[in-house]
């Protein structure tokens, strides 16, 4: 009786093991079919549809493509007007390296033909924004029919800020009330667009602006008591020492090294320290000495 019971137990365990192995084999077969369909089923499936590549539109702040200078756009369908971006400038080279390529891309995005002029004041006198703009106007009027008086530290971030031809009006892109420092009723600063035809009638030498700028060192208003008509566009006294055409990240710019003249009797506010005249005289002596040395060199020889 005992032997029969042991045999029955072993037989039962064997049957259970066989059944379990059968079910495990069935489960493994089904999982393989789910993961890897048979060749016939795979052949019946249609190939995946191609995915379209989406390239974002270029923005003014996007860098140039790697591998060199980006191609120039086709301007044949653009407006016939040409904008002169005139930037009064002194010792702001880091800003210039950002400003020039950014504005080039921004204006290309708006399909505005343009030239950029950096008017660099290199003399020792006080920075004279109005006179530098006048110099830029005189330089650009042969090639452009309207201009943007533009500070180098202002960049348009909104693509809807139009730099297109303003027609018979002035267009102030950077309105004075939004400027963090220079909020004056008749302030001409920031970014102002005007036609070359109307610029000589403009307000680049507004007395209120001069009073604000010069009262720290010289009370010009107490001397003139009227609008300053001495230093306008037709009487600006200057000398362009060098004109360099540069390319910065694919953007062309003309840099004018300008020396302004100062009449200490008529416009003494150009030299607040009283030392600029002496520094300018020393610079001129050095320049004349260099020219004399070059003239004295024998022909065909260089030092």
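Cβ coordinates are placed from backbone N, Cα and C, and glycine is handled just like the others.
Values in this document were obtained by computation on a predicted structure and should not be read as measured data.
Under the heading transmembrane segment, TrEMBL lists 12-29. Taken from TrEMBL, the feature region 'Disordered' applies to 38-77, 280-303. Here TrEMBL flags 41-56, 292-303 as compositional bias 'Low complexity'. Look at TrEMBL and you will find 79-163 tagged as domain 'Galactosyltransferase N-terminal'. Taken from TrEMBL, the feature compositional bias 'Basic and acidic residues' applies to 281-291.
Same-chain residues lying 6+ beyond the ends of the transmembrane segment (12-29) with a Cβ under 8 Å from its Cβ atoms: none. If you take every residue in the domain 'Galactosyltransferase N-terminal' (79-163) and average the pLDDT, you get 94.
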